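Annotation comment: Swiss-Prot describes M25, L27, F31 as site 'Important for interaction with KinA', evidence class a curator's inference.
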Amino acid sequence: MNWVPSMRKLSDELLIESYFKATEMNLNRDFIELIENEIKRRSLGHIISVSS
């Protein structure tokens, strides 16, 4: 998928904001998991309590 690497261009703040907005809007679970994976990759899971 071409757009997944684009998540790396998002700031940490925008990535976290996107996660909360996506969950609030009940967006597609696969999309939310992509965001969660990027959050974990950046070691930011503690901010949103993403389980490993």
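Each Cβ is built from the backbone N, Cα and C atoms, and glycine gets one as well.
The model shown is predicted, which means the values in this text are computed figures rather than measured ones.
Every protein chain shown contributes to the tally, and the Cβ of M25 (site 'Important for interaction with KinA') ends up with 9 other Cβ atoms within 10 Å. F31 (site 'Important for interaction with KinA') carries a helical DSSP state (H, G or I). Distance between Cα atoms for F31 (site 'Important for interaction with KinA') and M25 (site 'Important for interaction with KinA'): 12 Å, as a whole number.
Summarising the environment of L27 (site 'Important for interaction with KinA'), the number of other Cβ atoms within 10 Å of its Cβ, over all protein chains shown, is 13. Using a 10 Å Cβ-Cβ cutoff, F31 (site 'Important for interaction with KinA') registers 11 neighbours.
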